[in-house]
Amino acid sequence: MPKGKKAKGKKVAPAPAVVKKQEAKKVVNPLFEKRPKNFGIGQDIQPKRDLTRFVKWPRYIRLQRQRAILYKRLKVPPAINQFTQALDRQTATQLLKLAHKYRPETKQEKKQRLLARAEKKAAGKGDVPTKRPPVLRAGVNTVTTLVENKKAQLVVIAHDVDPIELVVFLPALCRKMGVPYCIIKGKARLGRLVHRKTCTTVAFTQVNSEDKSALAKLVEAIRTNYNDRYDEIRRHWGGNVLGPKSVARIAKLEKAKAKELATKLG
């Protein structure tokens with residue numbers, strides 16, 4: 001090709017003119033006039049918003065929320081973390097149904113029983129002491145003594161005892177003494193069994209002959225869930241879960257690092 005001459009390229013045909021669609025004009029009713037609201041400070045009434053975040057909650061609610069968040073954020077040692085693994089609903093229902101049969105007598109029932117016994121004695125029919133029926137034993141000290149003497153057949157511990165130090169040693173003690181134990185949701189549920197508001201732990205010592213098979217089934221299921229899994233539970237730490245803000249911040253940093261690396265590699 002001789003110098004000074006430029007190669008002529010093919011001319012591209014111009015794009016066809018885009019045919020604009022004629023939009024039909026909206027008919028505006030003059031009776032409906034626009035009244036735009038101004039939500040600035042001191043202007044119109046603010047719209048209804050979810051202000052839960054800004055409520056000044058009572059102290060006990062604040063504390064329980066902070067405790068729940070701390071349990072998520074901090075590393076929770078296995079001894080405390082094991083109380084998050086409660087018994088499944090079906091087994092817990094069966095257990096409570098059985099425990100309901102062995103509720104201790106109320107103060108009124110005891111009063112009536114002693115009154116009837118006193119009346120018999122006054123009538124000269126002789127005083128025959130009644131045999132103590134098998135009932136649930138409640139309270140940390142009572143249950144600890146029963147476990148140490150290997151008299152407890154099954155120990156039920158509440159998962160939400162506060163302070164947790166009251167019962168934190170019980171699972172290890174039960175395992176050492178070979179007593180089956182389980183952790184159940186709700187100290188209030190256990191409290192209802194023994195006519196109190198709350199209860200930390202209850203224990204079965206004896207049951208009637210008709211309930212022995214039901215208790216044996218429960219003990220078998222509980223033993224596989226708790227006593228036999230003790231080594232696994234002992235290694236499992238809890239918590240260490242970051243909040244949404246921290247997760248977002250870390251994700252942002254990671255994204256920036258990845259972008260920087262991509263530009264370096266080109």
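Placed from the backbone N, Cα and C atoms, the Cβ positions cover glycine too.
Residues or ranges marked as SUMO2 cross-link by Swiss-Prot: K11, K20, K21, K48, K97, K125, K245. Annotation source Swiss-Prot lists N6-acetyllysine at K34, K97, K217.
With all protein chains in the displayed structure included, the most crowded Cβ environment within 10 Å among the recorded positions K34, K48, K97, K125, K217 is that of K217. Taking the Cα of K34 (N6-acetyllysine) as the reference point, the closest of the recorded positions K48, K97, K125, K217, K245 is K48. Across the structure, K125 (SUMO2 cross-link) and K245 (SUMO2 cross-link) are spaced 78 Å apart at their Cα atoms.
Considering only the recorded positions K11, K97, K217, K245 (SUMO2 cross-link) has K97 as its nearest partner by CA-CA distance. In this structure, the CA atom of K97 (SUMO2 cross-link) is 90 Å away from the CA atom of K11 (SUMO2 cross-link). Classification of K217 (N6-acetyllysine) by DSSP places it within a helix. You'll find the Cα of K217 (N6-acetyllysine) roughly 55 Å from the Cα of K48 (SUMO2 cross-link). Within 10 Å of the C-beta of K245 (SUMO2 cross-link) there are 8 other C-beta atoms, taking all protein chains into account.
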